[in-house]
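Have a look at the structure below before the remarks.
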Amino acid sequence: MPLSIAREAPKLWRKICTEASAEVSLLSENWKFLLAGLVFQYVHGLAAHGVHYLHRPGPTLQDAGFFLIPEIGQGNAYMSESIFNFIFFSFILWTFHPFFFQSKRIYTVLIWCRVLAYLVGCQILRIITFYATQLPGPNYHCREGSKYARLPPPESALEVILINFPTGMLYGCGDLIFSSHMIFTLVFVLTYQKFGTRRCIKQLAWLFAIIQSLLIIASRKHYTVDIVVAWYTVNLLVFFVDKKFPELPDRSSASTSPPLLPLNNKDKDTKNKEEHNKILNGNSVDVTY
């Protein structure tokens, strides 16, 4: 076994280096879009923290989901977070699989350009919505009597800029319509639905998305309308973005089936150079955002 690992390690390292070379070429062309998408994640967090200053606790609104789905209690609020974290980190790992596996359909840089485009579009709509109308938060820490329900005016600009981290991230109120957790979950599930290859994982991902939706309502983190609006808004926006931007290159035809005979070093180098040149001269031009 140790001998086998020792033989495979150089092959894996060459695979990682070859893929990294291709991805760096794409990154040099698309870094501005990735950076803008990442910066907007902070802008979205800043906007969500800002609306907390406007939040006024009040009676929980009448909600069909609250009537139909039993409340699981504050102690079980971790359940929806656990599913979200599993989906979140599983998706991130999947986007980097081209560095390690022969079978691959995506480029990591390009898939994240597309994912961030989905997220930014949804988050812009979300910011407009929760600033347009502030609802009394149904979450336990947003109810009357909680010390987090109302935020005093900020003592300094630094407090706002830093989003009162980490308390501001954990105990936010007012950013309800529509659910940010469901934006990320549905964007990740829809992306894998289109670019993933395992049917069973696709079905499992949709099941997790449904379970998470129900658990968010059961833990009273959001009203049902926040979840419903997220489901149709994210799907519609992803559809629009896919129509607006060109299709991402599909690598499966070239990489899904390994060669029948092992390649010698010269053949391997030729194959790697051909794939690298294809990215630089062909696909990368078509998919630049």
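Backbone N, Cα and C define each Cβ position, glycine as well.
Lifted from TrEMBL, the feature list:
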| type | residues | note |
| --- | --- | --- |
| TRANSMEM | 75-94 | transmembrane segment |
| TRANSMEM | 106-128 | transmembrane segment |
| TRANSMEM | 169-192 | transmembrane segment |
| DOMAIN | 172-240 | domain 'Sphingomyelin synthase-like' |
| TRANSMEM | 204-219 | transmembrane segment |
| TRANSMEM | 225-241 | transmembrane segment |
| REGION | 250-289 | region 'Disordered' |
| COMPBIAS | 265-278 | compositional bias 'Basic and acidic residues' |
| COMPBIAS | 280-289 | compositional bias 'Polar residues' |
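For the domain 'Sphingomyelin synthase-like' (172-240), DSSP puts the residue distribution at 53 helix, 0 strand, 16 coil. Away from its own ends, the transmembrane segment (75-94) comes close to residues 140, 181, 184-185, 188-189, 191-192, 196, 205, 208-209, 211-212, 215-216, 218-219, 221 of its chain (Cβ-Cβ under 8 Å, at least six residues beyond either end).
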